[in-house]
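One structure is given below, encoded as structure tokens.
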């Protein structure tokens, strides 16, 4: 297959180069032709065609297509000039496939020429939304293209909504991630930093700035550029600033930079171009990145680098939590304050735009193209279905999460898909020490990620469910339960995220049970409900207005420690009269042992075959067989639980109570009865149901990942 890759500028080459290397490494399957045009060939923009030659690619054609002027008319004239020159080149090369990237006006000329000359087009990174004229150009190229390699789930949805044939859409991820995820931890990064910024600059103590003009509002974007420079001057940190791209308005931005003396200022280094491998090192280790480049909302997220996105150029982009938007950047103070907030922070790495395996998918996709099938595009006009994946072997289409449940006895890891199915589960005894426990977690996760590839699953992130009090914003276990020793003030997020290059979420097991019900269980579509776990202890979670309630110190929904008697039995928390002291599995086991020790657990005329250890199950069995003392204990336990749940009803007024855990089926009927007898009239009708979920902790951990990675509006 003859594949022609056309590159127009330094930015698109960083995305196309990994594909070009992949094609070149398969000489038996592909023949590569390279066409260079646009700003690659302009001295003011660094003559970046030379880096293509340095990468040992033979450039088949160089087309000077840029009409100088850097205004709107010059952009239109450049498209026209490209359309005049491209037919000769395409006719001579006559490739089977033309690979075009992105949303530049040069790429629109390429796609137009190829479509009119009956050459098949593969469009890379279509379907995305940024919020400028680039959107119109990008979507126009998508309509001309025959095949699509997109980066995100949302981009895939957009292409389907644009009536593109789903069979011709590949959800690949961003090709540049293949390179940056492999190379961003190079050992010579300090040498790279010093070569661009000087010997005295340390890792994390400098800023990378890259701002481009917005062609639909040039004057406003020039104003923002000036305000950004003023804020950087005031912030007084070493700054590496790149020249803007060739769009209309770029010359005026350069004039603003020169009027402010940026090129001569000791804190600034202004450059036209940096090789991509070095640029990603500089972004990775920066204290902050600022501007409106797509690199800030895409590549920088893979490193957790703090980013300040100025203006509207990237308004529609999907972003990780590392991006702070200053869309109305109309003052120096706003931008300066954003720098104060972001500089020096580190965020979990985000893989919204790729997992490092885009190029193998794209090569396999190219190999699957039948060159004998009709060239004419067909458009699909069905309603967009809930499930937008298609089961074809070159798409890793099962979006999944790694879920971790840290129990007192066992450590469990599972691959869980978007529909809540447990694809594969791993169970190991929980080690006693912190170091052994973390080592086992990482080993089990790595094994699961390897298996995920064979199981056709793409892992979006990691969710952790653990006992104790958790700060989910920081991913830190503040105080653990007695069942898990050495597990307090522990940062779980950072080591797991750093090791797996995935975003990580952590929460309390009771909250996870509520999240599981919200996504997969009885709570789906219910705005206000409470989940109560009835197991070894008593816990739960509260969903209020569709959001999980954490509380000011992350201590909300400690439902087991609602006091129902001032002089009740002692609880594990040190207090007296808590629900957990009456109704938990441990409390029932304690009462069962007392009866057994007094030889009162037997039932007259019935051989119960009692054996050690005595558990709550023996107490329930004795009560069902007519043991009055066992029955009285269970009635008291059910009454205590019912009274506690009535307190919950009177405080948060949910529409539904979901009982989860091993004792849920036993407690459901008596709790419903106690509510109908003792609750206020307005809450008597609250329904109590038993959970149908077999793995609420794992499903809740997975739901944190699956909900976040599919919802990008904050």
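Every residue gets a Cβ built from N, Cα and C, even glycine.
Features as listed in TrEMBL:
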DOMAIN    28-366  domain 'UDP-N-acetylglucosamine 2-epimerase'
BINDING   469, 481, 509, 558, 561, 580  N-acyl-D-mannosamine binding site
ACT_SITE  509  active site
BINDING   561, 571, 573, 578  Zn(2+) binding site
Cα-nearest neighbour of residue 571 (Zn(2+) binding site) within the listed binding-site residues, 469, 509, 561: 561
Averaging pLDDT over all residues of the domain 'UDP-N-acetylglucosamine 2-epimerase' (28-366) gives 91
Tell me, if you would, which residue among 509, 558, 580 (binding-site residues) has the fewest other CB atoms within 10 Å in the structure shown? 558
Cα distance, residue 573 (Zn(2+) binding site) to residue 580 (N-acyl-D-mannosamine binding site), nearest Å? 9
A correct count of other C-beta atoms within 10 Å of the C-beta of residue 573 (Zn(2+) binding site) gives 13
Within 10 Å, the Cβ with the most other Cβ atoms among the binding-site residues 571, 578 is that of 578
Whole-number Å only: compute the distance from the Cα of residue 578 (Zn(2+) binding site) to the Cα of residue 561 (N-acyl-D-mannosamine binding site). 5
Protein Cβ atoms within 10 Å of residue 561 (N-acyl-D-mannosamine binding site), excluding its own: 20
Rounded inter-Cα distance in Å - residue 573 (Zn(2+) binding site), residue 561 (N-acyl-D-mannosamine binding site): 8
Over all shown protein chains, what is the count of other CB atoms within 10 A of the CB belonging to residue 469 (N-acyl-D-mannosamine binding site)? 18
From the centroid of the CB atoms of 561, 571, 573, 578, the recorded Zn(2+) site, which same-chain residues not already listed sit within 8 A by their CB, in sequence order? 560, 563, 572, 574, 575, 579, 580, 581
